[in-house]
Amino acid sequence: MRLFNWRRQAILHAMPVVKPDQIRTPWREFWRRFRRQHVALVAGGFVLALILVAIFARWLTPYDAENYFDYDSLNNGPSLQHWFGVDSLGRDIFSRVLVGAQISLAAGVFAVFIGAIIGTVLGLLAGYYEGWWDRFIMRICDVLFAFPGILLAIAVVAVLGSGIANVIVAVAIFSIPAFARLVRGNTLVLKQQTFIESARSIGASDTTILFSHILPGTVSSIVVFFTMRIGTSIISAASLSFLGLGAQPPTPEWGAMLNEARADMVIAPHVALFPAVAIFLTVLAFNLLGDGLRDALDPKIKG
């Protein structure tokens, strides 16, 4: 007995001690790969800062974005009093850009979220059941893909009317087929795997297989595409507002601000410069973040 205890203690002492921070979990592996993406980290920091600005925009602005007017500084450039200058009505551009982040980001995120939910469900159904389900859903997607996204959004807004809520609906509609095709492709591959056959053999329902086994396998692709799609949605929403179909004055949405700045572009270029830079940096940050997430979630894709 003593010999047995001695051998057991010797084996235990010989075994390497694994510290908690050395245990490899999917989350640790993701973070280890993602933090090597320096550009994506910077982009992620910018996106996080933008989200915080959007949440607290009303408290961060030095002036009221809609009801403050400095009639003595019309179209004045950047100064210590007005960091981004003043527009033709005397409104502080810095305050309007900050509040515009709240509106533009909300429009982009909500539109993509709606499109992702509906598109994911349709993609799961089309890929899993195939047959007439697949043909019907994919033909609808083909019809939607036949039109450029912005033209489809213009048509939807023309029917529903102008306003930021209708812009969200319009942008969401042309996001649906993109998510549906993505999820359908993943579903067609995953449903052939042995673990799906095992789930069927033990009597798992189609709903359980779809949402407990197949959907988790598509999450990484959805997250990456969701992130990159936000940039596209922000541009689309800003374009509609620029055309007068989205947010209406005096709402400080970035696209609407560009529309209002057209008349003073020559004498006061700063009025259009800062909203345009905000759109550019935001879209760039979401795209770079999406690239980094893709490389971290599926390193086989890189290269």
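Positions of Cβ are set from backbone N, Cα and C atoms, glycine also.
Note on the transmembrane segment (37-57): residues 98-99, 101-102, 105-106, 281-282, 284-289, 291-293, 295-296 of its chain, located 6 or more positions outside it, place their CB under 8 angstroms from a CB of the stretch. As annotated by Swiss-Prot, transmembrane segment applies to 37-57 (among others).
Annotated domain 'ABC transmembrane type-1' per Swiss-Prot: 101-290, in sequence order, evidence recorded as sequence analysis.
The list of residues near the transmembrane segment (105-125) in space but at least 6 beyond its ends in sequence, with Cβ under 8 angstroms from a Cβ of it, reads 50-51, 54, 133, 137, 141, 164, 167-169, 171-187, 210-211, 214-215, 218, 222, 226, 229-231, 233-234, 236-237, 246, 253, 282. As annotated by Swiss-Prot, transmembrane segment applies to 105-125 (among others).
Counting residues 6+ beyond its ends, the transmembrane segment (144-164) has Cβ neighbours under 8 Å at 103, 107, 170-171, 173-174, 176-177, 232, 236-237, 239-241, 243-248, 251, 253 in the same chain. Look at Swiss-Prot and you will find 144-164 (among others) tagged as transmembrane segment.
As annotated by Swiss-Prot, transmembrane segment applies to 165-185 (among others).
The transmembrane segment annotation in Swiss-Prot covers 208-228 (among others), and the record cites sequence analysis as its basis.
Positions annotated as transmembrane segment by Swiss-Prot: 230-250 (among others). The list of residues near the transmembrane segment (230-250) in space but at least 6 beyond its ends in sequence, with Cβ under 8 angstroms from a Cβ of it, reads 66, 91, 103-105, 107-109, 111-112, 149-150, 153-154, 157-158, 162-164, 167-168, 170-171, 174-175, 256, 258-260, 279, 282-287, 290.
The annotation transmembrane segment is assigned in Swiss-Prot to 266-286 (among others) on the grounds of sequence analysis.
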Any residues 6+ beyond the ends of the transmembrane segment (266-286) with a Cβ under 8 Å from its own?
43-44, 46-47, 50, 75, 77-78, 84-85, 87-88, 93-94, 96-97, 100-101, 104-105, 227-228, 230-232, 234-235, 238, 254-255, 257-258, 260
